[in-house]
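Take a look at the structure set out below.
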Amino acid sequence: MASPTQGQVITCKAAVAYEPNKPLVIEDVQVAPPQAGEVRVKILFTALCHTDHYTWSGKDPEGLFPCILGHEAAGIVESVGEGVTDVQPGDHVIPCYQAECKECKFCKSGKTNLCGKVRSATGVGVMMNDMKSRFSVNGKPIYHFMGTSTFSQYTVVHDVSVAKINPQAPLDKVCLLGCGVPTGLGAVWNTAKVESGSVVAVFGLGTVGLAVAEGAKAAGASRVIGIDIDNKKFDVAKNFGVTEFVNPKEHDKPIQQVLVDLTDGGVDYSFECIGNVSIMRAALECSDKGWGTSVIVGVAASGQEISTRPFQLVTGRVWKGTAFGGFKSRTQVPWLVDKYMKKEIKVDEYITHNMNLADINDAFHLLHEGGCLRCVLAMQI
């Protein structure tokens, strides 16, 4: 059924980031109709992620202002552009910052979940068709963010960047399956491929780290060691599968040596979920020689570099990275939603706060202060 607003410009509320580190401004934003290969989505719920905060802080070299941030959300298709066949108005969807065109060399390789089709546009805050934005305020364009821009009541995304999901799934919960939870689960299941009986170390017990722990427990890990400098996180972490807790501040030795001593030579798998290059090195060096695998999940600040002694790799350790946990977005996000509906993965447990779009600056403050895992915003003002 056609939407009454199909083909028209929609004026709606959005949280606009005009400058780094300045409060977001709730504005009346004009959202243009979708062009060929595009989908306009009514966003109902969006969560805040540290990646949004990172770009807002001004530390992201690809950060463009003014922009509409947000990339972890769920909504309903309002209208589609010419040639779009995989979704239609009324479909429940999750926008996906990691596209999946199924046609480019990356998608066809079977070796990665990366996709090359629209990256040249999403990386510079525009849409592929005309390299322009679909957002404006009083005639002035506002940049897109990560190809999603979910801090707006309506957004326009590429059709290769939207996953159709079970309409019975609660959108205020499954919006989390757009980023953090799949990133952690997939780092374990797809990137590291943790086996039953493994010893696992998780550095950083935020949402992504807890999802790593959950994934490790589901994979049958015998020990899941959580590493964080906040002791209060351990009680929460136990609910996600962490069996032991280590606070680096409570030890004189380097944390990698502490873990080597605790595990008879090192862990089988380690995951860095912070974005700190010195911790990335520690995560590698706490893994066992011969087969230890360390996965970089956290995103370091621009310009930072990782280092270790080559001997660490010569003796059999493997250093890997992961984006969106290796999940193919359009194919596997619906599968993750179905797993949630069958109670096979946690989602609700990551949500510590619920607020409205009007409260977005307070929500950012909560995230920055470490006072929440995930805050879900309803899009009303």
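These residue numbers are counts, starting from 1, taken along the chain as shown.
Heads up, the Cβ atoms here are built off N, Cα and C, so glycines get one too.
According to Swiss-Prot:
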- CYS49, HIS71, GLU72, CYS179: Zn(2+) 1 binding site (BINDING)
- HIS50, 204-209, ASP228, LYS233, ILE274, 297-299, 322-324, ARG374: NAD(+) binding site (BINDING)
- THR51, HIS71: alcohol binding site (BINDING)
- CYS101, CYS104, CYS107, CYS115: Zn(2+) 2 binding site (BINDING)
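Structure coloured by features recorded in Swiss-Prot.
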| residue | record | Cβ neighbours (10 Å) |
| --- | --- | --- |
| HIS50 | NAD(+) binding site | 19 |
| THR51 | alcohol binding site | 21 |
| HIS71 | Zn(2+) 1 binding site | 24 |
| GLU72 | Zn(2+) 1 binding site | 28 |
| CYS104 | Zn(2+) 2 binding site | 17 |
| CYS107 | Zn(2+) 2 binding site | 21 |
| CYS179 | Zn(2+) 1 binding site | 28 |
| GLY206 | NAD(+) binding site | 23 |
| ILE274 | NAD(+) binding site | 24 |
| PHE324 | NAD(+) binding site | 22 |
Residue from HIS50, CYS104, GLY206, GLY209 whose C-alpha is spatially nearest that of HIS71 (Zn(2+) 1 binding site), among the binding-site residues: HIS50
Among CYS101, CYS115, VAL299, the one of these binding-site residues whose Cβ has the fewest neighbouring Cβ atoms within 10 Å: VAL299
Remaining residues near the recorded Zn(2+) 2 site, that is with C-beta within 8 Å of the centroid of the site residues CYS101, CYS104, CYS107, CYS115: ALA99, GLU100, LYS102, GLU103, LYS105, PHE106, LYS108, LEU114, GLY116, LYS117, VAL160
Cβ-centroid neighbours of Zn(2+) 1 site CYS49, HIS71, GLU72, CYS179, 8 Å, sequence order: ALA47, LEU48, THR51, ASP52, GLY70, ALA73, TYR97, MET146, THR148, THR150, GLY178, GLY180
Entries of CYS101, CYS107, VAL299 which, being binding-site residues, have CA atoms within 10 angstroms of THR51 (alcohol binding site): VAL299
Cβ-based isolation winner (fewest other Cβ atoms within 10 Å) among the binding-site residues CYS49, GLY209: CYS49
Using Cα positions only, nearest of the binding-site residues to GLY206 (NAD(+) binding site) (CYS49, GLU72, CYS107, CYS115, CYS179): CYS49
DSSP-derived class (H/G/I helix, E/B strand, else coil) of GLU72 (Zn(2+) 1 binding site): strand
Top Cα neighbour of GLU72 (Zn(2+) 1 binding site) in the set of binding-site residues CYS104, CYS107, VAL299, PHE324: PHE324
Coarse DSSP state, helix versus strand versus coil, of ILE274 (NAD(+) binding site): coil
CYS101, CYS107, GLY209, PHE324 screened against CYS179 (Zn(2+) 1 binding site), Cα within 10 Å - retained binding-site residues: PHE324
For GLY209 (NAD(+) binding site), the one of CYS49, CYS101, CYS107, CYS115 that lies nearest, given that the binding-site residues are compared by Cα: CYS49
Top Cα neighbour of CYS115 (Zn(2+) 2 binding site) in the set of binding-site residues CYS49, ILE274, VAL299, PHE324: PHE324
Distance [Cα-Cα, Å, rounded] between CYS107 (Zn(2+) 2 binding site) and VAL299 (NAD(+) binding site): 23
Distance, CYS104 (Zn(2+) 2 binding site) to ILE274 (NAD(+) binding site) (CA atoms, angstrom): 31
